[in-house]
């Protein structure tokens, strides 16, 4: 792709998200989401591969549906209450419609079905943008809406953690696994959204760091399914040693960074007298943990069936920048001891 066009598209991506962040009026927020969607479509379809074009089409249709529903919700709110302000959503009908529209845009279950299909058709770099940056703008709006019906967020959260864990069990394609992983993590964030928005923000930040490092590892190894992970020991032995820690951090095992948001969310749910919900979510985390362990096993304890044992696969030196990967890997593995500091910042 022409570097000028690429720069314009990336600038538009940033601009769309920034407009949504900065807006207090529903029309401006909707406009930011639309710019965001239109900017990523050429990035998705740049390979001119039928799967990529199909993924871009599916993404366009779902995002357009979500944006139209959101516009309908905000217009209904203006009609019923006379308010266009995002923070002034007081009527239960438009609030519920807006929450469902934003859930469709980020890929929360049961509105998640487009996400694995779209992610599977993209290259790893665009997949990384879709799994991280594209979640920010809708989440900023979800954080600002005061839910008039708290049950809907709990139902969305539990369904997402359950389906996110269950859906990834039978997958062999890494991008589909990451899509289900994304749905499960978003479920955790939505669960605690109404009780502690700052905790949701913490969970979102750790999710972004962990997902980015996982995608960069796959990109460095040029892996798109579980079998190709097994050749990574010959390409980057040091990274292969650290990758299981990144995957287990995604699964939420102590003493890794991923344990921190899960632990604090379970604590908050218990404080809110939602111990059964907390127990159910903790059990659904085991489903996700299973497929992270499966990736770990494939990467470190198996030898790839498609190359001669003991023979490193022929390769060119990787041109990928490894500094971002190094920083993200360190933060994915080592941030748990900072929990007291984070808790202090959250209560400020």
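Using N, Cα and C of the backbone, Cβ positions are placed for all residues, glycine too.
Sequence annotations record features per position, and here TrEMBL assigns domain 'NADH:quinone oxidoreductase/Mrp antiporter transmembrane' to 23-287.
Here the domain 'NADH dehydrogenase subunit 2 C-terminal' (289-342) has a mean pLDDT of 79 out of 100. The domain 'NADH dehydrogenase subunit 2 C-terminal' feature in TrEMBL is assigned to 289-342.
Annotation source TrEMBL lists transmembrane segment at 60-80 (among others). Away from its own ends, the transmembrane segment (60-80) comes close to residues 26-27, 30, 33-34, 37, 41, 88-89, 91, 93-95, 97-98, 100-102, 104-105, 114, 118, 138 of its chain (Cβ-Cβ under 8 Å, at least six residues beyond either end).
Long-range contacts of the transmembrane segment (92-115) within the same chain, counting only residues at least 6 positions beyond its ends with a Cβ under 8 Å from a Cβ of the stretch, are 33, 58-59, 62-63, 65-67, 69-70, 72-74, 76-77, 80, 135, 138-139, 141-142, 145-149, 152-153, 156, 159-160, 162-164, 179, 182-183, 186-187, 190. Taken from TrEMBL, the feature transmembrane segment applies to 92-115 (among others).
Remote same-chain partners of the transmembrane segment (151-170), defined as residues 6 or more beyond its termini with a Cβ less than 8 Å from a stretch Cβ, comprise 96, 99-100, 103, 108-110, 112, 116, 176-177, 180-194, 274, 277, 280-281, 284-288, 290-291. Here TrEMBL flags 151-170 (among others) as transmembrane segment.
Under the heading transmembrane segment, TrEMBL lists 177-195 (among others).
The annotation transmembrane segment is assigned in TrEMBL to 201-221 (among others).
Only residues 6 or more beyond the boundaries of the transmembrane segment (233-254), in the same chain, are considered here, and those with a CB under 8 A from a CB of the stretch are 181, 210-211, 213-214, 217, 220-221, 261-263, 285, 288-289, 292-293, 295-296, 299-300, 307, 311-313, 315, 325, 329, 332-333, 336. Annotation source TrEMBL lists transmembrane segment at 233-254 (among others).
Through the fold, the transmembrane segment (274-293) approaches residues 154, 157-158, 161-162, 164-166, 168-169, 171, 177, 180-181, 184, 187-188, 191, 247-248, 250-253, 262, 265-266 of its own chain, all at least 6 residues removed from its boundaries and within a Cβ separation under 8 Å. Annotation comment: TrEMBL describes 274-293 (among others) as transmembrane segment.
Positions annotated as transmembrane segment by TrEMBL: 325-346 (among others).
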